[in-house]
Structures are given as structure tokens and as C-alpha cells.
Amino acid sequence: MAGKSSLFKVILLGDGGVGKSSLMNRYVTNKFDTQLFHTIGVEFLNKDLEVDGHFVTMQIWDTAGQERFRSLRTPFYRGSDCCLLTFSVDDSQSFQNLSNWKKEFIYYADVKEPESFPFVILGNKIDISERQVSTEEAQAWCRDNGDYPYFETSAKDATNVAAAFEEAVRRVLATEDRSDHLIQTDTVNLHRKPKPSSSCC
């Protein structure tokens with residue numbers, strides 16, 4: 001890949017069994033493994049891509065969703081550029097737990113400005129016909145909790161998987177653009193010669 005590449009850390013959070021590992025593997029390797037076991041602690045994979053002319057290396061972190069693994073996963077939240085909150089559309093409890101996952105991430109990642117941090121919401125397993133969470137419910141949650149982008153995905157058949165991760169990159173880039181603008185307005189030019197000053201002795 002030509003050109004300078006930025007490294008973005010993206011973390012997948014959500015209940016155990018919602019398909020976080022499958023989503024990561026589908027996106028990075030374009031494979032789906034029906035025998036995938038629950039993650040213990042954390043795992044990550046890298047993916048090089050170009051989004052809107054920006055070359056990016058996305059470091060995707062997959063975390064264990066079970067409560068007993070909390071102490072293993074939370075140290076890895078820091079330094080994340082984007083968080084993909086994930087639930088399964090056939091599991092209403094995993095949807096109800098999104099708020100808890102968001103709070104846990106904000107606390108352990110030490111997010112300074114939660115209202116502007118880029119979250120993307122994924123409703124996974126739309127290939128399953130019996131759903132417990134409607135599209136409208138999920139969209140309403142996203143509107144009420146920060147106007148987050150929402151994608152209904154299937155790691156099994158790859159529906160919207162690439163689109164969701166690419167949107168995560170766009171959100172990070174937009175956040176960086178805002179930060180750069182703020183920084184540029186307050187920078188000090190170290191190369192500018194100081195104005196001569198007069199003093200009386």
C-alpha cells in the first residue's frame with residue numbers, strides 16, 4: 001500500500017456470543033468459522049485499507065464478553081480510537097446491555113469527552129430469522145444515546161461487515177480533523193522571531 005498509513009485502534013465490545021470474533025475474522029480474513037470458541041481475554045488482528053483517500057492500518061481488538069473476564073479485557077480499552085458496541089438481534093438482553101458496555105468503556109478507557117467519542121453500533125446475526133430486537137428499536141437507541149451510526153450485520157454472509165468497519169474509520173478521521181483544527185488555532189510558532197521589546201533600566 002503506497003503512502004503514509006495511520007494506525008487506528010478499534011475495539012469490539014458486547015455480550016459473549018453476539019459474534020464479535022466472527023465479525024473481526026470475516027472482515028480481516030473474509031472467512032466464517034462455525035466452530036469459533038468464546039474469546040478468553042483479548043485478541044487482535046490488523047487490516048490495511050484505504051477510506052476516502054486515507055491509508056489506514058486498523059488494529060481490531062476483540063474482547064471477551066463474559067463478566068468473569070472483565071479484569072482481563074478492561075486494561076486494553078485505553079488508547080482506542082473507536083468502539084464498536086455489538087449486540088445480537090436474536091438476543092434482547094445483549095441489546096439491553098449496550099448501555100452498560102458503553103459506560104464500562106468510557107470509564108476504563110478514561111474517555112475525556114464521551115459525547116464526541118466515535119461509537120458505532122452493530123446489530124449482528126441478521127441472517128437468523130427469529131429476531132428479538134427490531135431495527136426501529138436499535139435505531140431509536142442510537143438516536144437517544146449519541147446519534148450513533150447503526151449497522152445490521154451478518155458475519156455469516158458478510159452483510160454490512162466491511163461497511164461498518166469503514167464507517168468506524170470515517171468517524172475517527174472526522175474526530176481527528178476536528179482535533180487538528182482546534183490544535184492549529186492554539187499552536188505557537190517556534191520559528192517566528194520574537195518582536196523586539198524595550199525596557200528601562
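Each residue, glycine too, has its Cβ placed from N, Cα and C.
Swiss-Prot assigns the feature motif 'Switch 1' to one of the listed ranges (31-42, 115-126, 139-150), namely 31-42. Of the listed residues (T63, T153, T187), Swiss-Prot tags T187 with phosphothreonine; the rest carry no such note in the record, though that does not show they lack it. For the residues S71, S92, S129, S179, the entry in Swiss-Prot flags phosphoserine at a single position: S179. Checking each of the binding-site residues (G17, K125, A155) against D62 (Mg(2+) binding site), the C-alpha distance stays within 10 Å for none of them.
Of all Cβ atoms in the protein chains displayed, 24 besides its own lie within 10 Å of the Cβ of K125 (GDP binding site).
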